[in-house]
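Enquirer: Please see the structure below; I have some questions.
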Amino acid sequence: MICNELIKDIKCTDILGDTNVSISGVNIDSRKIKPGHLFVAIKGTQVDGHEYIDKAILLGAVAVLCEKAPKEPLSDITYIVVTSTEDAVGKVATRFYGDPSKHLKLIGVTGTNGKTTIATLLYNMFRKLGHRCGLLSTVCNYIEDEQIPADHTTPDPIELNELLAKMVEQHCEYVFMECSSHAIAQKRIGGLNFTGGIFTNLTRDHLDYHKTFENYRNAKKSFFDHLPKSAFAITNADDKNGMVMVQNTKATVKTYSVRTAADFKARIIECHFQGMYLEIDGQEVGVQFIGKFNVSNLLAVYATARMLGKQREEILIAMSTLHSVNGRMDTLHSPQGFTAVVDYAHTPDALKNVLLAIHEVDGKGHVITVCGAGGNRDKGKRPLMAKQAVQLSDKVIITSDNPRFEEPQDIINDMLAGLDAQDMKKVLSIVDRREAIRTACMLADKNDVVLVAGKGHETYQEVKGVKHHFDDKEVLAEIFKQS
Ligand SMILES: CC(=O)N[C@H]1[C@@H](OP(=O)(O)OP(=O)(O)OC[C@H]2O[C@@H](n3ccc(=O)[nH]c3=O)[C@H](O)[C@@H]2O)O[C@H](CO)[C@@H](O)[C@@H]1O[C@H](C)C(=O)N[C@@H](C)C(=O)N[C@H](CCC(=O)O)C(=O)O
Ligand SMILES: Nc1ncnc2c1ncn2[C@@H]1O[C@H](COP(=O)(O)OP(=O)(O)OP(=O)(O)O)[C@@H](O)[C@H]1O
Ligand SMILES: N[C@H](CCC[C@H](N)C(=O)O)C(=O)O
Ligand SMILES: [Mg+2]
């Protein structure tokens, strides 16, 4: 593509060099530059991309999108100067990849918890309804059946548009994607054309990055602020911030609720370990999920399908065949007769919801929770997670999650700081996650529930920059085999 074409939608403050140059690729990372590429220099949280302009040119970049032109520009390089490269990169990326989101019905899901669940269930449902679909999620990206491993909940703008372009090529009609608060704040989704947006809920997380809850909320809200008039915005009326999210949106607002008046409503009729009977929009349906929070998730799925033109009956029939998402309330039954639940709860609110869901099940014995907290992430959530686990469990084993670059014992200590002497009577701490899970299983009797929280689908444990193979479900299966 000719550079001129590529920068059509962005406001340049200065241009040096020939804009008729042909661009063969766009990249924000100098290490990925190939001859003929445009390098976009972005100021990040660790380094300033402008420091890598020379490196990018050395690797063959022919053009640079930047916020300040170098003092000694090279004559054979085109420099495009803008006020914010972060703002511009999405527009350039969508243009380079042929504006793929315009050829798709793209639905974004945002909120603290439930994004992966809702996006995945929508993808599964719309495939069951006979459509070709794509999914961009924390667990994995999909183009129909093809799996593309995901490093992030929301990919960077280049990878994102490249994936969407592949989805268009594969004739996908619908794409369901998670929009993380980091991605919204960093404008990874800039320039995309959304058909609809969904808000799940907002509780504390990621304050290491956003600093204040208000910034975190505003990041989520800006997703709705930027939706076009033609789009729909589906929000959770049960969440304190549900209406705040959509107060400045141009999109058509619809609400869902399990508690109050709303456009889409649901209630639980019955709940078993195998699933629940629900009334959704006045119609009864059996689903293979448990937990009140999953009623909200399913209702968001229902509301979205309705807004996309599907009929009540076809949605509910498809919904009754859906099952839990990898690592979300994933149950395994031990030979000794206790149940292990592997769940991705890694915030205080998620832990609370998962434990409440376990308590809703009839006939269960004691609840033993194994949990930790991730290193180099929001430290403030650690004591709250420990407290939540203790309040709703009979025994808690505090252990390691992904320590990343922190000392595992320091993270555990941060968690223990949230507990008083009475709480401590219920608590053991074991740094080695495998040993922690094994101990929980040894303590469990028939009908007890062992909740292994925090890592869900993850198949690794990240220690000092190295990802070691670790899979909670695999570890449980090994323990079950040995006993
Ligand atoms: C804190 C955060 O979000 N960081 C993301 C951010 O990186 P950054 O701003 O720190 O970038 P940086 O390292 O300072 O580099 C600045 C620029 O220089 C470039 N660079 C850097 C080095 C070099 O040699 N050459 C070069 O060109 C970089 O490509 C970048 O464009 O932008 C990068 C490109 O998009 C992301 O890969 C990176 O994700 C890091 C690895 C990360 O861990 N992110 C997590 C926290 C995250 O994004 N999580 C969310 C939500 C999680 C959830 O689901 O709750 C997600 O969407 O996954
Ligand atoms: N609607 C909900 N409300 C509260 N908690 C939920 C809800 N849905 C799921 N959870 C809990 O949060 C955990 C994460 O769920 P899910 O992966 O769907 O969320 P997510 O928003 O994609 O998270 P992430 O930001 O890490 O990608 C689940 O394992 C469950 O414990
Ligand atoms: N997407 C979230 C996932 C956290 C999962 C938990 N296992 C951890 O490592 O903290 C994050 O990057 O903060
Ligand atoms: Mg997710």
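Each residue, glycine too, has its Cβ placed from N, Cα and C.
Quick paste from TrEMBL:
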type    : residues                                               : note
BINDING : Gly111, Thr112, Asn113, Gly114, Lys115, Thr116, Thr117 : ATP binding site
BINDING : Arg377, Asp401, Asn402, Pro403, Arg404, Gly454, Glu458 : meso-2,6-diaminopimelate binding site
DOMAIN  : 23-96                                                  : domain 'Mur ligase N-terminal catalytic'
DOMAIN  : 109-304                                                : domain 'Mur ligase central'
DOMAIN  : 327-456                                                : domain 'Mur ligase C-terminal'
MOD_RES : Lys220                                                 : N6-carboxylysine
MOTIF   : 401-404                                                : motif 'Meso-diaminopimelate recognition motif'
Enquirer: Listed binding-site residues are Asn113, Thr117, Asp401; which of them have CA atoms within 10 A of the CA of Lys220 (N6-carboxylysine)?
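Expert: Within 10 Å of Lys220 (N6-carboxylysine): none of them.
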Enquirer: Within 10 angstroms of the C-beta of Thr116 (ATP binding site), what count of other C-beta atoms is obtained when all protein chains are considered?
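Expert: Neighbour count, Cβ to Cβ under the 10 Å cut-off: 25.
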Enquirer: Return the residues near Arg404 (meso-2,6-diaminopimelate binding site), defined as same-chain residues 6+ apart in sequence whose C-beta is under 8 angstroms from its C-beta, sorted by sequence, else 'none'.
Expert: Gly374, Gly375, Asn376, Arg377, Glu462, Val463, Lys464, Gly465
Enquirer: Can you tell me whether DSSP puts Gly114 (ATP binding site) in helix, strand or coil?
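Expert: It is coil.
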Enquirer: Using an 8 Å cut-off from the Cβ centroid of Gly111, Thr112, Asn113, Gly114, Lys115, Thr116, Thr117, can you name the remaining same-chain residues around the ATP site, in sequence order?
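Expert: Here the non-site neighbours turn out to be Val109, Ile118, Glu178, Thr200, Asn201, Asn297.
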Enquirer: So which of the binding-site residues Asn113, Arg377, Pro403, Gly454 sit close to ligand 2, that is, with a CB under 6 Å from an atom of it?
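Expert: Only Asn113 qualify.
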Enquirer: Return the single residue from the binding-site residues list (Thr112, Asn113, Thr117, Asn402) that has the minimum number of other CB atoms within 10 Å.
Expert: Thr112
Enquirer: Taking the Cβ of Pro403 (meso-2,6-diaminopimelate binding site) as the centre, how many other Cβ atoms fall within a 10 Å radius?
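Expert: Looking across every protein chain shown, the total is 23.
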Enquirer: Checking distant contacts: for the motif 'Meso-diaminopimelate recognition motif' (401-404), what same-chain residues at least six beyond its ends satisfy Cβ-Cβ under 8 A?
Expert: 346, 371-377, 411, 433, 454-455, 458, 460-465
Enquirer: Please state whether DSSP places Lys220 (N6-carboxylysine) in a helix, a strand or coil.
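Expert: DSSP call for Lys220 (N6-carboxylysine): helix.
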